[in-house]
Amino acid sequence: MRLFRCCAAAVVAAESLLWLKNGSPFFAFLPGNGEIADNCSGNPCGGTAAGTCINTPSGYDCRCEPGYVLGVENDQVTCMMPSGVPMANFVQLSETPAACSSNPCGPEAAGTCKETNSGYICRCNQGYRISLDGTGNVTCIVRQESGCEENGCGPPDAVQSCRRLTGTAGRLCVCKENFIATIDASAHITCKRVPPHYRKPPFEFGKGGHPVDSEPSKRQREDEGESREPESDSTEPGRDQERRTPLEESQEPEGSTPDSQQSRGGSGSDSTESEEQGKEREEGSGHAGAIAGGVIGGLLLLSAAGAGVAYMRKSGSGGGEEIEYERGIEAAEASEVEVLVDLDSKTWD
């Protein structure tokens, strides 16, 4: 029996030397009672990182991974580095931390991290999006909702583009032709079809319709004033002469011409006013009431002064002076002065 064991050990040693020399698979034949034992327990081949252990009827077989060779350590066949360092020890020394160990994608609520051969990838949860952190690594950050993802600007047939404003939760809506941006009570902007009472202006800064102005703008009024011909003086000749009071006629020297006739005589040569005078008259129309009031006050003051002069002439009759009256006018009428003002006349300009 002892002789048999010695012969078996010699055969194993010889086959080991032949395998190391030729690189052929190694099989160990060990004595036993015929039962198949788990010869791979304890990872005799150095672990799954170094090689794979396969049970055989006579022992185990080591299939080493690339970069490792079969060797003998502590009288046991195993997979080891060519330099003689065991695979298990080498893996322990060269092992690096996993890419997802530092949670580069953020907390669990933000997303999950999955390791790859070249690094990791982040799968962000709802409400988060992919972004780069301060070190240039990919991570998941909170998504700033702008509403563009859910047709926040309106239906697709009404919206030309929807863009999220950087750094805010707002959005920029650009409506298509025949649509206009509207805002509701919640300050939400949407594109809706242009109502019938809307139209496009002569010039536009973008797409969509605009409301029609109920009143012409100042620019339009100026343009209409330039294109319209100036109106001629519609005052009838001799109208001021008919409105003059007897007292005013009595105080005028003979042969003099009324100021109104002189002014009309000077303006009669020009049938139309210049464009600048037309603008000034249009701009000054708002002050016509104030000017008319001032003129009326001035006329009342003049009438009071005329009445005072007439009174002084009357009172001077006691001194032997005669009161002069206008021919054809009674004394009672001369003491009462009536002032007539034509507010519709344009002579006050």
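Cβ from N, Cα, C; glycine included.
According to Swiss-Prot:
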SIGNAL    1-23  signal peptide
DOMAIN    36-80  domain 'EGF-like 1'
DOMAIN    96-134  domain 'EGF-like 2'
DOMAIN    147-192  domain 'EGF-like 3'
REGION    194-291  region 'Disordered'
REGION    204-283  region 'Acidic domain'
COMPBIAS  210-247  compositional bias 'Basic and acidic residues'
COMPBIAS  276-285  compositional bias 'Basic and acidic residues'
TRANSMEM  290-310  transmembrane segment
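DSSP assignment over the domain 'EGF-like 3' (147-192) gives 3 helix, 20 strand, 23 coil. Residues belonging to the domain 'EGF-like 3' (147-192) score a mean pLDDT of 82 in the model.
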